[in-house]
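Inspection log for the structure reproduced underneath, given as structure tokens.
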Amino acid sequence: MNLSIVILAAGAGTRMKSKTPKVLHTLCGREMLYYVIKEAKKLSDDVSVVLFHESEMVKKSIEKYFSDIRYVIQDHVNYPGTGGALMGIEPKYQKILVLNGDMPLVEAEELKQFLRAGSDFVMSVLDLEDGSGYGRVVIHGGSVERIVEEKDATGEEKSLGTVNAGVYLFDRALLACYLPRLKNDNAQKEFYLTDVVEMARKDRLIVAPLFVKEENFKGVNSKADLAEAEAIMTGRIRRRWMREGVRMRLPETIYIDEGVKFVGECFIENGVSITGDSYIEESHIKAHSVIEESRVIRSDVGPMAHLRPQCEVTETHIGNFVEVKKSKLTGVKAGHLSYLGDCEVDEGSNIGAGVITCNYDGKKKHLTKIGKNVFVGSDSQLVAPVSIEDDSIIGAGSTITKNVKSGELALSRAKQENIAGFFARYFSSSK
């Protein structure tokens with residue numbers, strides 16, 4: 001598609017009340033700017049991002065996902081404002097679509113409407129029940145007549161619900177004509193892109209209004225806005241995967257990050273959270289389980305289990321209240337109340353209730369290796385570094401500090417002693 005896209009991402013976003021640049025705040029595990037670029041690249045091979053505030057931090061974050069984006073650093077000293085942001089761009093194509101980096105819900109399909117409008121100047125417009133807080137868009141004879149800031153609006157203009165959504169399509173020649181003529185004679189001393197509307201109308205050009213969906217063009221300016229946008233985004237993610245065949249019970253209670261991938265027939269129960277770039281294949285994730293940056297293949301997890309980052313679980317049963325961290329489990333049963341951290345457990349092994357791998361010595365983490373067909377009895381502690389070889393047994397209640405060889409039974413608890421008649425003697429002596 002012969003279209004250049006410019007994404008404005010230079011602002012600090014002071015209303016977010018954060019040291020993090022606004023466009024790097026995340027929803028569903030990805031930065032806001034990531035979503036805008038992803039949709040832009042569906043339409044164009046010429047995408048530029050205008051930066052200023054913490055520009056190197058923004059570039060470093062986005063380069064993880066996209067390698068072919070052009071970055072333009074705005075001259076914020078001499079040319080501040082949205083109009084100034086466009087003064088340093090070098091578009092490849094005749095049509096230029098201007099987007100905002102704080103609109104993570106924008107979708108490529110709706111952006112195609114700007115091209116279908118058939119005008120050299122198209123401006124996005126929202127039709128709201130209450131336009132309070134926005135500049136009003138006055139439309140006359142099928143063209144945008146002017147944009148009036150709320151403080152300057154008449155009573156009649158304030159009653160309008162038509163407001164500027166902040167996305168524009170320009171012809172390159174039109175932009176080249178008007179950008180040099182922008183002035184900053186306003187209270188903020190900034191160059192406003194919206195002033196191009198008035199210039200174009202004075203030259204009797206049509207500024208075509210394009211009415212768009214509020215949900216898709218919602219700007220994120222505060223933490224409250226971010227929460228609303230994330231709720232919408234996670235709903236889209238859930239619906240996308242359900243269309244692909246993933247079954248979800250009470251989907252509105254399930255949280256899934258953008259980077260998560262499902263393969264085959266999966267069943268996700270209510271209250272589940274799956275984050276990072278987790279990979280779930282042919283598996284059943286039961287209620288209220290949490291999976292972070294892990295791989296689950298042909299397994300069942302939960303209910304109320306927790307897979308922390310860097311777990312790989314294959315053909316394994318992970319039961320309730322089992323926590324696994326940075327571990328590889330293949331063909332394993334760990335049914336209840338266990339902590340398995342920094343360990344490798346091979347097929348056929350059974351981890352009893354209350355088993356803990358003691359992986360941290362106060363300075364660094366150590367590995368626990370458990371071989372094939374190992375039975376680890378309940379309430380055992382495996383003090384790493386330690387290796388339990390194939391076909392061995394750990395007696396319940398043991399604390400294992402030494403390696404266990406294949407075929408051995410390991411016990412480390414005091415011998416039980418039963419004292420006859422003790423109950424009667426004990427309680428009679430207290431009377």
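Cβ from N, Cα, C; glycine included.
Sequence annotations record features per position, and here Swiss-Prot assigns active site, proton acceptor to HIS336 based on sequence analysis. Counting Cβ atoms from all protein chains shown, HIS336 (active site, proton acceptor) has 16 others lying within 10 Å of its own Cβ. In the three-state DSSP classification, HIS336 (active site, proton acceptor) falls within a strand.
The UDP-N-acetyl-alpha-D-glucosamine binding site feature in Swiss-Prot is assigned to 8-11, LYS22, GLN74, 81-82, GLY135, GLU149, ASN164, ASN221, ARG308, LYS325, TYR339, ASN350; the stated evidence is sequence analysis. Sequence-distant contacts (6 or more apart, same chain, Cβ under 8 Å) of GLY81 (UDP-N-acetyl-alpha-D-glucosamine binding site) comprise ASN184, GLN188, GLU190, PHE191, TYR192, LEU193.
Here Swiss-Prot flags ASP102, ASN221 as Mg(2+) binding site. For ASN221 (Mg(2+) binding site), the number of other Cβ atoms no farther than 10 Å from its own Cβ, over all displayed protein chains, is 15.
What Swiss-Prot records for ALA353, ASN359, TYR360, SER378, ALA396, ARG413 is acetyl-CoA binding site, and it gives sequence analysis as the kind of evidence. Shown in sequence order, GLY395, GLY397, SER398, THR399 are the residues of the chain, 6+ apart in sequence, with a C-beta less than 8 angstroms from the C-beta of ARG413 (acetyl-CoA binding site).
For the region 'Pyrophosphorylase' (1-223), the mean pLDDT of the prediction comes to 92. Residues annotated as region 'Pyrophosphorylase' in Swiss-Prot, with sequence analysis given as evidence: 1-223.
Counting residues 6+ beyond its ends, the region 'Linker' (224-244) has Cβ neighbours under 8 Å at 16, 25, 27-28, 32, 35, 104-105, 215, 218, 251-252, 254-258, 260, 262 in the same chain. As annotated by Swiss-Prot, region 'Linker' applies to 224-244.
The region 'N-acetyltransferase' annotation in Swiss-Prot covers 245-431 and is backed by sequence analysis.
The Cβ of LEU8 (UDP-N-acetyl-alpha-D-glucosamine binding site) lies under 8 Å from the Cβ of VAL50, THR82, ALA85, VAL98, LEU99, ASN100, GLY101, each of which sits 6+ residues away along the same chain. The CA atom of ASN359 (acetyl-CoA binding site) is located 10 Å away from the CA atom of TYR339 (UDP-N-acetyl-alpha-D-glucosamine binding site). For the pair formed by ARG308 (UDP-N-acetyl-alpha-D-glucosamine binding site) and ASP102 (Mg(2+) binding site), distance between Cα atoms is given as 30 Å, rounded to the nearest Å. Reported as a whole number, the C-alpha separation between SER378 (acetyl-CoA binding site) and ASN164 (UDP-N-acetyl-alpha-D-glucosamine binding site) equals 64 Å.
Checking the recorded positions (ASP102, HIS336, TYR360, ALA396) against LYS22 (UDP-N-acetyl-alpha-D-glucosamine binding site) with a 10 Å Cα-Cα cut-off leaves ASP102. Taking each Cβ in turn and tallying the other Cβ atoms within 10 Å, the top scorer among the binding-site residues TYR339, TYR360 is TYR339.
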